[in-house]
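Input: a single structure, listed below in structure tokens.
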């Protein structure tokens, strides 16, 4: 296997790449060669800042800064939204060095003195570094020029911008809704309730909420407005789904027996079996577990509706905590239910650790990935950290140690625990038709994880884009997961007096360094001049862990989800950045008080617009999605619940090449795009073919009409020819010869005529005198009459011939038939028209005129 190469430096190296330092295993922070960095005379704020977002403003700048992870030099800027790093050469934004302020978990100033020989120790200036730990698995280190105040400027700006004086100074309010406006999530929550109750034809509205007309119901469940003013429970939504047989007064009484008033309510109900998935907080049973509440027991028993055979369904009470933790909470008045007090119930402890264990596990996972990544925060590749030529130092024991470190983080075990618990809950509802009540201590961390993940397994609707949004807004936002506390953002209750924990540990503990890096002896770290921990003891990546669980299900069932892993990554980035108002504050009540829905942009609208830009070929769409194949519950067996690192999220910064686990999806997406283009080309070709076919049909129709006209003309010509032959024979019968030329002229020759023709008759005679008079030669007289093509009508032609030859015509040249002299004669020289009319009146058959 080829050994990956160390990152090559720029043309002007920022590191002391001497052979001795390489052999000694140095080459990290101590090797920065600041003298070779050219100072930047101009300020970025004076150049084109097209990369800034709407309402984003530059607060502070540092020049000649080095991004130690990648050995890049550039300009570091603090804006009111993010920490932004521009490369020195291309003036482009470096993604690794650019992080939203809300995504920063901690940032520290670190002073590092280079371990050189004793003579030069005091002469070498210490390296001044700024370390940034991100909630998205990043550990970034920036190096600043010595004997400058740029690091202090950047550090102070971070303190001011991450900890705003007022809650409304957050960037989400400064940017406003822009074009990503949000509709009311309360309306969307009611629409989801209507869907669960089988009332999907109803549509919620603001007016419905204002007048309180949203309390619909079915045979088993109803929507209650008992918490519409948030007096019963401040962290619950304004509308709750409860059993029909329990009144609002009983609901109020039952809320007093649960921690923070978070009583058992329905989160999801099976559309056909009637089984429900409910959630609550821990009961207040006390240290001796002897406290009881009749109303709470009645409410929980009402979750067990009757089966078709008339029996009552079983109830499982799933306590997300380890049993010992539940017992320990009894000392503070909490605890867990007793199955003897709740009808036909069974108590199950799922053994999931608390938020503090998850926070520590996530920090260890981040350190592991950074230590063994391809681009680590000390600027060294893990392949070369010990000066060896192979991974991990080149021996099997070190490789095994690094792999076990991942196991020591416990992150995958925690993810597996959440997956297993959710799969168990979904199986009870789907296979046993039992109802399940889930709770932990407060019912907003582990409970939200288990309930929402079980919903995702049970209902295919939640595996679509719209359904995933409805699921997050229902089981996380509406039911009061404290996002501000868990993500580490200022809250409304703490506005104006927000305390941020300052780390009291030394720099070695603040900066997560692995034993491998500490043993190199390349540098020594002094306690930082100041360090800052952005998060309090309430910070924990609970929601991030849940999205990790969703990605594991997506890996196991790639055909069951409409969205892809890339969508989950972008979704998490938007949530952690707090660029939008959806995940601000700790509950629905606080978000309404802050008016975040109208004052801030909407994350869902932004992601939807993101997808619309490329249509179905966008990376957010899962190219393998087959909704008909997985239109029921997903019930993974225990053996399938073996989670792995989520490469698209966990490895994207430290191992960018290995993070491209979606290459198969990308190839499939390219094939789909090509197929789509070919389909469009096919449609265009088919449309053109239809147009050509229609044109051909039109031409064929015209051709048929032309053939019909031609046939009709031929018939007319034949009929006219027959009539001409008849006329010819009729004329010949009176002693005349008629010749029809091809040009349409008609020549009539009269062989003999006993009558004297008029002098002005148009004829030619062989007995014509030189002076133009006619000779009296009755033996052979011929007269030629020419009929033009305009007179080719049979009757007109005969009439013209008759008028031309008639010796008895009137003075005006017209025919005087039937009063003319010709009509008085009985000879053969009667007028031609008279003969023709006579023949026509007698209706003599054509057969009379035999062809010669």
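Cβ atoms here come from the backbone N, Cα and C positions, even for glycine.
From the options 480-507, 508-535, 536-563, the stretch TrEMBL describes as region 'Disordered' is 508-535. Given the ranges 640-674, 675-709, 710-744, the record in TrEMBL names 675-709 as coiled coil. Counting in whole angstrom, residue 354 (substrate binding site) lies 9 from residue 440 (active site, phosphocysteine intermediate) by their C-alpha atoms. Around residue 446 (substrate binding site), the same-chain residues at least 6 positions away in sequence with a Cβ under 8 Å from its Cβ are 320, 321, 352, 354, 418, 440, 542.
Set side by side, the recorded positions 440, 442 differ in how many other CB atoms lie within 10 angstroms of their CB, and the most is found at 440. For the substrate site, whose annotated binding residues are 354, 355, 440, 441, 442, 443, 444, 445, 446, the maximal Cα to Cα separation is 12 Å. Of all the binding-site residues listed here (354, 444), it is 354 whose C-beta has the fewest other C-beta atoms within 10 angstroms.
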